[in-house]
Each structure stands twice: as structure tokens, then as C-alpha cells.
Ligand code: V55
Ligand code: FE
């Protein structure tokens with residue numbers, strides 16, 4: 001059977017690579033790579049190996065996870081890229097064709113794979129307690145070798161994690177090195193069950209709690225403070241009967257209420273308190289902290305889901321402007337008798353993929369870097385994310401905006417401190433630029449305190465890397481399990 005990728009989203013710069021790569025010694029075409037940086041910049045790229053047999057395959061979300069890493073040492077950068085050998089990938093490789101059907105719909109699969117994990121491991125890579133995981137929110141995590149990118153296999157923390165799905169956005173508390181994570185649809189596809197876990201710095205599960213969400217929906221990220229965990233239940237709904245009827249797995253409901261579920265850290269499921277607010281869709285958490293009474297949590301929210309390919313529940317049309325995410329600060333008063341939260345816009349332009357200096361995760365913080373979707377007054381030439389911005393959530397420093405160039409896309413910015421004990425926000429921003437005309441990509445190293453200064457270094461790839469969501473830096477000491485906290489080396 002001939003191999004052909006039918007969808008227009010899978011053409012030109014975004015055509016699947018389907019190639020595993022080893023390239024030692026990337027060319028540094030400008031500047032110098034800081035010698036203090038020792039570690040890896042890990043990006044999971046969706047990269048479909050076998051063409052879908054269903055029509056509505058979703059670019060990126062539905063594709064096989066391809067683990068890629070820029071390894072930094074002594075001013076040199078090596079590159080490696082390997083498919084994550086999920087149970088799904090292994091089964092399809094053996095068959096030489098796709099066996100899994102539509103996104104998040106097991107009823108569309110080839111009967112030969114019934115009961116096998118559908119996970120594609122294509123969202124984020126996490127290093128904790130000396131292990132590296134490739135993660136997708138609909139399935140168990142996959143353990144990988146941090147240095148060879150070989151797949152080790154599904155990991156369940158020694159049997160302690162029974163949730164059938166684990167988030168791709170856990171948080172690490174830098175005070176303790178604890179890993180805070182959860183799974184939604186934790187009892188199976190389209191269930192309301194949410195499981196919440198904490199692992200200690202050595203990776204042993206020390207807490208587990210279960211509760212039911214008010215309705216089934218995508219819960220992509222969480223907010224974690226020193227004393228609380230906040231679960232955003234926003235109505236990108238997901239119903240078993242829809243997937244049974246082969247309708248889209250997710251639909252946006254403009255009428256359903258928004259609930260933020262607040263659980264004390266290491267609390268039990270029956271301690272959850274729900275706070276309500278205006279109808280909107282959660283994107284990603286920026287940072288969150290509490291002062292004992294108030295919870296402050298910064299997030300991106302759009303009027304409806306950012307994912308335009310998920311229809312409204314009633315089939316009604318919507319404005320593209322309503323998919324644009326904006327950064328807002330949520331405030332929850334834990335001493336109030338009420339059941340509402342308040343919110344305030346923090347940044348004027350539409351933005352996504354916000355990242356902080358994660359040495360300040362769960363703590364009062366200032367520094368943010370993110371991608372922008374639109375900058376009024378600047379013409380957009382091409383598509384996707386085209387800008388990186390830095391800002392201070394407390395307004396102490398002016399925001400800066402870096403434009404990637406015409407017909408260039410730019411990836412999620414990753415902040416890396418200059419040294420392990422550098423002040424907050426002092427260091428570098430790593431980001432991958434796709435040069436669509438030239439059909440190749442570059443890794444940019446920008447000065448986080450002035451992203452408009454000439455780049456610290458530009459590292460060229462002699463090929464393209466498809467656009468993706470997330471990229472995470474882990475220092476060599478974090479990869480070796482010597483620390484769980486963001487560092488330079
Ligand atoms: C997201 C990404 C996914 C997914 C669900 O960015 C949510 C959000 C790349 O896959 O399956
Ligand atoms: Fe994400």
C-alpha cells in the first residue's frame with residue numbers, strides 16, 4: 001500500500017519527518033553557546049509515522065510523539081531525535097500501517113488493538129528523581145533514557161499510580177522537590193474521575209486522592225501553590241455518547257459553568273471546594289502562589305477553546321477572535337463563604353505557552369516568557385506563533401517583544417538561568433525558529449533580560465523541525481537525579 005498524507009495540514013514545512021536523527025556538533029552560525037549550560041532542551045514533536053485511515057486526523061494532537069533533544073556541553077550542541085515507542089507505535093510499526101483511529105475515540109480503532117493504550121506521548125517531557133518521561137494526558141507516562149532517548153516503557157511509579165491517564169503538565173515544588181500531578185478521565189475514556197498524586201523528591205508516591213469533576217472535559221493543566229492545588233474545569237466537554245456516535249470527542253459549550261476546584265495540598269477528595277466564574281476556556285497555567293488566605297493563579301484563558309477544530313456543542317458558528325487566549329490573574333479567597341473567584345487581565349496581547357523561571361514555581365514570582373499570536377500594528381506574514389515576549393507580572397519591568405521574521409514560526413520559549421543561583425529571570429531563553437521558505441530550523445539562545453539584543457547564539461539545523469507545543473530544559477544534574485530544580489548545569 002502506498003504511503004500518502006492527505007491532509008493539507010501535513011504538507012510542506014509541516015510534512016511529517018518520519019526520520020530519527022543523530023547529529024553531533026551542530027553549527028553555531030552566530031555568537032557563542034554559553035559554556036555554563038550543561039543539559040538538554042527536550043521537545044516532543046507530533047510526527048505521524050503512518051497515514052491516518054480516518055478523515056479527521058488532528059495535526060499535532062493526534063500524531064506519534066517524536067522525542068527530540070538539543071544536548072548542551074562545553075559550548076557545543078548535539079542533536080538527537082527518536083520516536084517514543086509507545087505500545088501504540090510498536091503495534092502500528094509491526095502492522096506497517098495506522099491501527100488507531102480518531103483523536104480520543106477508541107471506538108474508531110482497528111479491532112486488533114482493542115484495550116491497548118492509545119497514548120501517543122506527544123506533549124511534554126519531564127525529568128524527576130532521575131527519570132525522564134514522555135507524557136500525553138490520555139494515557140500512562142512513558143519512561144525514556146535521558147541520554148539516548150531510547151524508550152524504556154510505560155511507568156506507573158512501582159504500581160502506586162493506577163490512574164489510566166496522567167497529565168502532561170505536572171509541577172515541581174522547588175522547596176521540597178516534590179512532583180505534583182493528576183490525571184483526568186482517570187477511570188477510563190470520558191469519565192469524570194480525577195486522580196491527584198504527589199511524589200517525594202526521590203520519586204516515591206506519598207499521596208493519592210480521587211474526586212469527580214462536575215462534568216467531563218479536557219483538563220490540560222493545573223495550578224499549584226505551597227498549600228493548594230487548583231483544577232480548572234472549563235467546558236471543552238467530552239462525552240462518551242459523542243465518541244460512541246463518532247462525533248468529535250470534544251465540543252465547546254458556551255453555556256456550561258466554569259469551576260475551579262481547590263484542594264489543600266495532600267488533601268482528600270472530599271475536601272475539594274468549587275469556585276465559579278464566567279464561561280471561558282483554560283489554556284495553560286503561568287504561575288500560582290498563595291499567602292495563606294488568597295490564592296493567586298495566572299493562566300491563559302480564551303472565550304472559547306483555542307482549538308478551532310472542536311465545534312460548539314450546538315453546532316453554532318463562532319468568531320476566530322474568540323479562540324484568542326489572554327493572560328489573566330485569578331484570585332480565590334479561601335476565607336470567604338462565597339463560591340466565586342475574581343479575575344483581572346495581565347497582558348494586553350493574545351498569548352500562549354507561558355513559562356516562568358520554575359525555581360519560583362508555587363511561589364510569588366515576576367518573570368514570564370511566552371509566545372504571542374498577534375501584535376497590533378505588526379503585520380503577520382505566515383502563520384502560527386511568530387513572536388516571543390517577556391514580561392513582569394507585577395509590572396516592574398517593561399515587556400519586550402521579539403519577532404521571529406516573515407514566514408518564520410517560533411516555538412515555546414524556555415527560560416534557563418545563567419547559573420543555578422542567578423536571580424529570577426536572569427539567564428537565557430531557548431526557542432526554535434522554523435524558517436519556512438528555507439525549509440530548515442534554528443535554535444535561538446536569547447538574553448532573557450533583553451530579547452531584542454542580538455542573540456547570544458544561533459545554532460543551525462540543516463533540516464526542518466515541525467512546529468510543536470512544548471519544550472523543556474533539564475540540566476545534567478537534574479537528568480542524573482541530583483536535583484529536581486531548574487538550573488544551568
Ligand atoms: C493539548 C495538546 C495535545 C492534546 C491535548 O496543548 C491538549 C494542549 C499535543 O496534544 O492531546
Ligand atoms: Fe500544554
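Easy rule for this one: first residue shown is 1, then count along the chain.
Note that Cβ sites are derived from N, Cα and C of the backbone, with glycine treated the same way.
Not measured: the values here are computed from a predicted model.
Copied from TrEMBL, the annotated features are:
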type	residues	note
BINDING	169, 220, 284, 470	Fe cation binding site
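Features per TrEMBL, on structure.
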residue: 169; record: Fe cation binding site; CB count, 10 Å: 19
residue: 220; record: Fe cation binding site; CB count, 10 Å: 19
residue: 284; record: Fe cation binding site; CB count, 10 Å: 24
residue: 470; record: Fe cation binding site; CB count, 10 Å: 21
Going by DSSP, is residue 470 (Fe cation binding site) part of a helix, a strand, or coil?
coil
Kindly point out which of the binding-site residues 169, 220, 284, 470 have a C-beta less than 6 Å from some atom of ligand 1.
220
Neighbours of 169, 220, 284, 470 excl. site residues, C-beta within 8 Å of centre, Fe cation:
123, 124, 168, 221, 283, 285, 469
According to DSSP, collapsed to three classes, what secondary structure does residue 284 (Fe cation binding site) have?
strand
